[in-house]
Amino acid sequence: MAHIVCSIIIGLIFYNVSRNAQYSIFNYFLAIAFITSAIFLAMAPMLATVPRDIRYMKSEYFNQWYRLSSYLMAMVTAQLPILGPMSVVFASIIFIVTGQPMQLWRLLLLIGITLLTSLVSLSFGLLIGSAFNGLHGLFIGPLGIGIMLLFTNLASTGGDIPLYQKVLMYGSFMRHILEGVLESFFGFDRSDFPCPNCDWVFAFTKPKYILKLLGCGDISYLRAVIVSSGITILFSLLSFLILKRRLNVKYLSRRR
């Protein structure tokens, strides 16, 4: 339900921004709002449930009632039946209401990056929930997303940026997701934005010009998918190692 409400709100805020070149630049802000909402919707349940479940897992894992890998697999797969359909609905509503080109393959690209966004956010929430207790996790998770969001926009002013800023920018998984969303909006030889009230050649009718202006002239959908998939695996492995340490007998004895 939260996915539907958020998609309707975002869609109404950016209503038909793709059908008028005067507002075409707002597709970038649409992409930012899109990925931020998708990340929080997938991450929040993990921040709330994982620290709570750890309390029950301590005795069950100690008694060897089940393996830690089985718990992680069950935790992730239990979320997929919800995140999968809701991600499709979320992306479809925003795609239609904001006036994106009515091309099925372009909608499928957006749905694909939305599903991947949910998986990355799920693994990030699992990582934060595994490392911190409930109260700290609910604070550190959104804080981390806010910091990464700042780094994501370092290239939005256009032009070259220093090497350290590129490292910070591409060290944020949100940057790679943003590039995937922008590519589905502007890329793959999209036709010019219509400009019904313009009698001259309006620069913002050109999708490639907008991407170049935003410092995103060399983005790649495939690269975004590969890097985001790798980050998902990395976060999942780190979550497993952290949980295994927290449930270790020696670690538990030192905490008492």
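Yeah, the Cβs are placed from backbone N, Cα and C, and that goes for glycine too.
Residues annotated as domain 'ABC-2 type transporter transmembrane' in TrEMBL: 2-186.
Under the heading transmembrane segment, TrEMBL lists 29-50 (among others). Cβ atoms under 8 Å from those of the transmembrane segment (29-50) belong to residues 2-3, 6-7, 10, 13-14, 17, 75, 79, 83, 86-87, 90, 94, 98, 114, 117-122, 124-126, 128-130, 134, 137-138, 141-142, 145, 149, 152-153, 174, 177-178, 181-182, 185 of the same chain, restricted to positions at least 6 beyond its ends.
Residues or ranges marked as transmembrane segment by TrEMBL: 71-98 (among others).
According to TrEMBL, the feature transmembrane segment maps to 104-128 (among others).
Long-range contacts of the transmembrane segment (135-155) within the same chain, counting only residues at least 6 positions beyond its ends with a Cβ under 8 Å from a Cβ of the stretch, are 32, 36, 39-40, 43-44, 47-48, 50-51, 124-125, 128-129, 161, 165-166, 168-169, 171-175, 178, 214-216. Annotated transmembrane segment per TrEMBL: 135-155 (among others), in sequence order.
Sequence-distant contacts of the transmembrane segment (221-243) (same chain, at least 6 residues past either end, Cβ-Cβ under 8 Å): 54, 57, 68-69, 71-72, 76, 109, 112-113, 116-117, 119-120, 123-124, 126-127, 130-131, 173, 176-177, 179-180, 183-184, 187-188. Under the heading transmembrane segment, TrEMBL lists 221-243 (among others).
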